[in-house]
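S.K.: So TrEMBL has the following annotated:
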type: DOMAIN; residues: 103-382; note: domain 'Sugar phosphate transporter'
type: TRANSMEM; residues: 130-150; note: transmembrane segment
type: TRANSMEM; residues: 162-181; note: transmembrane segment
type: TRANSMEM; residues: 187-208; note: transmembrane segment
type: TRANSMEM; residues: 215-233; note: transmembrane segment
type: TRANSMEM; residues: 239-259; note: transmembrane segment
type: TRANSMEM; residues: 280-300; note: transmembrane segment
type: TRANSMEM; residues: 315-338; note: transmembrane segment
type: TRANSMEM; residues: 345-365; note: transmembrane segment
type: TRANSMEM; residues: 371-388; note: transmembrane segment
Amino acid sequence: MSSDFKLDIFSQHDSEEPGLGTTITSKMFLDEKANSVQTIREQGKLSINNFATNAERRTLNDRFLKANKATIGDNVSLLDEEERHHLHGSAKKSGPLISGAAYCISSCSMIMLNKIVLSGYNFDAGISLMFYQNFIATLVVVLLSLSGRISVEKLSWRLIRAWIPVNVIFVGMLVSGMYSLKYINVAMVTILKNMTNILTAIGELYLFRKRQSPKVWTAMFMMIISAVSGGITDLSFDAVGYTWQIINCVLTASYSLTLRRVMDEAKNATKSGSLNEVSMVLLNNLLSLPFAIILIFLFGEWDYVIHADVVKLPIFWVVATASGLLGLSISFTSMWFLHQTSPTTYSLVGSLNKIPISIAGILVFKVPLSVSNLFSILFGLFAGVLFARAKMS
């Protein structure tokens, strides 16, 4: 705007004084023009410099904003990652605790309900109860498999033939366990089950040449002392029940040892070349049904079940069904607990779980106890825990 204003003034002076005024005016005009050009150049330079400066500022501002956005994004991502790690860490810490509690509750409840059915309702058909429980377990596993919740191996005659020896021992183990629990209190059943560890260790020594440490043999010797002293001081001693329990210990150890020998052959009989725990649960429960039916007719339980008054009680079937579901839940919770922890922790928790089972059995069924019998039970529980720790080392 200043250049235009100067040019207008110079035009007026030219019209008033054409002579000397024109020369002076021309000179002044040229000077002013030169100054104006210089001013324009300087302003142009300033404008260019200002433009460059503004561009640089805009670039810096953009970089700053991008850096802020990136920093904010990184902070948000870092917070999300920390939150995910925190949630994952919490789940990882609570997983073993929840799975271990589920396993212990299922195990304890299963034994207590079986004791209620057999002794509380005076149900004298342990094989029939086993058949019903295994039928419930088979039905649940099949339904879960059909719904896609779990995966099981496809059954074949080759796999069934390989598994039959294991299943025969499995049926005998369950039947003997039912009858021993009917005649013996829960605490003594728990203590006498420790004898299974001794028989298994002896079998491993002769069949697999697996030697045990002195600590393990010391713990097993303590188990023998607790079992003998517990039987001697048991105020509710029953020879029939103790006989069934001894048979149960032999069959349980045989089941464990036979399973190791048959496992490789069973895996080779599957298409995948492996056999998961759920498939073994299905095999045991499904194949036990025809054997149980034969035993039911052989021992004359069919006639007893038809005419027994207790089977007409709805609450009896509720308790029996719950015991069957708990028997299956022991399989799933034990697998869940094993995946969350290690076999050593699983073994130790299994030994410690005998303590609340024994206490609950004594309190719920009001078992008569002497001081010496109580000491034998506690000594046996301690020996079981010591055995588990010795096996760990």
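Note: Cβ is positioned from N, Cα and C throughout, glycine not excepted.
All TrEMBL annotations are machine predictions without curation.
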S.K.: Can at least 3 Cβ pairs under 8 A be found between the transmembrane segment (187-208) and the transmembrane segment (315-338), with each pair 6 or more apart in sequence?
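M.R.: No, the transmembrane segment (187-208) does not contact the transmembrane segment (315-338).
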S.K.: Near the transmembrane segment (280-300), which same-chain residues lie under 8 Å Cβ to Cβ, leaving out any that are not at least 6 residues past its ends?
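M.R.: Counting only partners 6 or more residues beyond its ends, the transmembrane segment (280-300) has Cβ contacts under 8 Å with 125, 127-128, 130-131, 134-135, 137-138, 141-142, 145, 152, 155, 159-160, 163-164, 166-168, 170-171, 174-175, 328, 331.
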S.K.: Express the predicted model's confidence over the domain 'Sugar phosphate transporter' (103-382) as a mean pLDDT, rounded to an integer.
M.R.: 89
S.K.: Counting CB pairs under 8 Å, which listed stretch among 162-181, 239-259, 315-338, 345-365 touches the transmembrane segment (130-150) the most?
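M.R.: Maximum Cβ contact count belongs to 315-338.
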S.K.: Give me the stretch from 162-181, 315-338, 345-365 with the greatest number of Cβ pairs under 8 Å to the transmembrane segment (239-259).
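M.R.: It is 162-181 that shares the most Cβ pairs under 8 Å with the transmembrane segment (239-259).
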S.K.: Cβ under 8 Å to the transmembrane segment (315-338), counting only same-chain residues 6 or more beyond its ends: which ones?
M.R.: 96, 99-100, 102-103, 106-107, 109-110, 113-114, 116-117, 121, 123, 129, 132-137, 140-141, 277-278, 281, 285, 346, 349
